[in-house]
Every structure is written in C-alpha cells, then in structure tokens.
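What Swiss-Prot records for 1-27 is transit peptide, and it gives sequence analysis as the kind of evidence. The domain 'PPM-type phosphatase' annotation in Swiss-Prot covers 28-292 and rests on sequence analysis. Look at Swiss-Prot and you will find D71, G72 tagged as Mn(2+) 1 binding site. The Mn(2+) 2 binding site annotation in Swiss-Prot covers D71, D216 and is backed by similarity to another entry.
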Amino acid sequence: MFSVLSCGRLVARAVFGGLSQTDSRDYSLVTASCGFGKDARKGILKKGMCYGDDACFIARHRTADVLGVADGVGGWRDYGVDPSQFSETLMRTCERLVKEGRFVPTNPVGILTSSYRELLQNKVPLLGSSTACLVVLDRTSHRLHTANLGDSGFLVVRAGEVVHRSDEQQHYFNTPFQLSIAPPEAEGAVLSDSPDAADSNSFDVQLGDIILTATDGLFDNMPDYMILQELKKLKNTNYESIQQTARSIAEQAHDLAYDPNYMSPFAQFACDYGLNVRGGKPDDITVLLSIVAEYTD
C-alpha cells in the first residue's frame with residue numbers, strides 16, 4: 001500500500017527541566033506536526049502545513065507560543081469550492097497576526113475573530129467553512145489559553161493522564177460548529193457560527209506537560225487510551241522523539257480509519273444516535289504534538 005505522510009517541526013531552542021514550577025523562568029512549546037490527507041493513499045499531498053482539507057500553523061512571538069488547527073468542511077466540494085482554501089487561509093492569517101504581535105495571549109478568541117474578519121473583508125470572496133482550535137502558551141504566566149470551535153480539539157497530558165481537554169461542539173450528529181462564508185444568495189441558508197461561540201479556557205501548565213492538538217480525523221479514530229499508549233513511548237524530550245511520536249499517532253489513526261471491522265469512536269458515537277455504523281472514519285488527519293519546556297532566548 002502506498003501512502004504519503006508529511007511531518008514538520010518547529011525547531012525552538014529550549015532546555016527541558018524538571019516538573020517543579022519556578023516562577024522566574026519563561027516557558028515555551030516544542031512542537032512537531034504530522035498529518036495525512038484523506039487522499040494520501042493516492043500519493044497526493046499539499047505543500048506546507050496542510051493535509052487534505054486540514055490546515056495548521058505554529059507561530060512564535062516574544063510573549064507567547066501559538067498554534068492552531070482547522071478542518072475545512074468537505075461538503076463545499078459539491079458546489080465547486082475547494083474546502084482547503086478556507087481552512088488554509090484562516091490558519092495563515094492567524095499565523096501572520098501572531099508574528100506581527102497583533103494579538104493578546106490571554107484571548108485566543110480574539111485571534112480567531114480578527115482572522116475571520118479579514119476573510120470576510122476580502123475583495124474576492126473566499127467561500128467555505130472550517131472548524132478551528134487555537135492554543136496559546138503565555139511564556140511568563142505559564143498559563144495555556146485555548147479556543148475551540150467545532151470538533152477539532154486538544155488534550156493536555158501530565159504523568160500519563162489527561163488533565164485538560166477541549167469540549168466538542170456539535171449542532172447535531174457529524175455537524176460541528178464552524179466559521180463560514182457563503183455567497184450572498186445563500187447567506188442564511190449556510191450554517192455559520194460566530195468566533196465568540198468558541199469554547200475558551202485558561203489553566204496553568206507545568207514543565208513536561210504534553211499538549212496534543214488535532215483535527216477530528218484523529219479523535220474520530222483513536223480513543224484516549226490509544227493516544228495515551230502512544231504518548232508513553234515519548235521517553236526522550238528532544239525534537240526527534242516528539243516528531244517520531246507525532247508520526248506514530250498519525251499513522252495509527254490513518255490505519256484505523258480504513259479498518260472496516262474496527263469500532264471507532266466515530267462509529268460508537270453514530271450508534272448512540274441509532275445509526276448502524278462500524279469501522280473507522282476515513283478523513284484528513286492533523287496532529288500537533290507539543291511539550292512544555294523552559295524557554296531560552
């Protein structure tokens with residue numbers, strides 16, 4: 001079987017310390033990215049940090065590390081619209097705003113709002129829809145600020161246990177909250193949520209905490225216990241080890257997505273709605289795997 005996997009990483013200078021907190025130290029995220037496009041079996045892969053209709057970004061600023069994932073809604077393809085354009089442009093805009101310092105670390109919803117507003121104001125309409133999940137680490141306060149709209153999301157793992165996670169937002173089965181831009185004649189007929197509808201949260205993190213941010217292609221195919229099993233293999237806190245683990249998670253999710261006999265989380269969710277579904281859920285998969293580390297300039 002021929003498949004294509006793309007992996008990337010953000011090389012940040014960081015020194016890993018113990019698990020004890022020291023207020024005088026700044027923190028950073030050391031992040032690796034891996035993913036599959038749904039059509040990866042055909043050997044088709046987009047350039048950059050885009051996997052099928054998924055997109056992601058990793059950005060650094062002197063005050064914070066910021067990362068995000070977005071999942072373009074594939075249904076737009078039926079109307080001749082490339083779903084990846086919306087998610088990719090949304091993430092690139094978020095990335096640019098962060099690098100330009102046009103954001104407040106405590107307000108990731110603000111980043112999403114500003115980026116979405118720019119898309120709305122484009123002279124050439126950019127049609128489409130997307131979920132979005134943003135994670136911001138404030139270096140000095142050691143607090144993680146998050147915003148999640150839809151069914152992408154994040155996990156924070158400490159000592160092998162999930163200590164924080166995002167809440168999935170669905171209007172109804174398999175219909176997540178989403179940002180949308182519709183043609184004028186279809187406004188009001190296309191499902192669209194406000195960035196303010198995103199579920200936001202803030203909490204302290206510790207050195208060595210693992211943060212996994214991903215699109216639903218991961219969570220629909222791998223339950224928490226499988227993800228935690230893979231994270232246990234992360235023995236070394238160097239970039240190569242983080243990237244290898246991110247790759248292993250993405251590969252396993254991709255394999256399970258095409259297993260017709262596997263009772264996936266998505267299939268279990270469908271059964272809760274009275275649907276007779278079995279097997280994995282073929283989808284684009286994007287995984288950002290981060291470790292909280294001590295920051296050195």
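Each Cβ is built from the backbone N, Cα and C atoms, and glycine gets one as well.
Where Swiss-Prot records a feature, it is marked here on the structure.
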| residue | record | Cβ neighbours (10 Å) |
| --- | --- | --- |
| D71 | Mn(2+) 1 binding site | 32 |
| G72 | Mn(2+) 1 binding site | 29 |
| D216 | Mn(2+) 2 binding site | 26 |
Segment-level pLDDT (mean, integer) for the domain 'PPM-type phosphatase' (28-292): 95
Inter-residue C-alpha distance, D71 (Mn(2+) 1 binding site) and D216 (Mn(2+) 2 binding site) (nearest angstrom): 8
Separation of alpha carbons, D216 (Mn(2+) 2 binding site) and G72 (Mn(2+) 1 binding site) (Å): 11
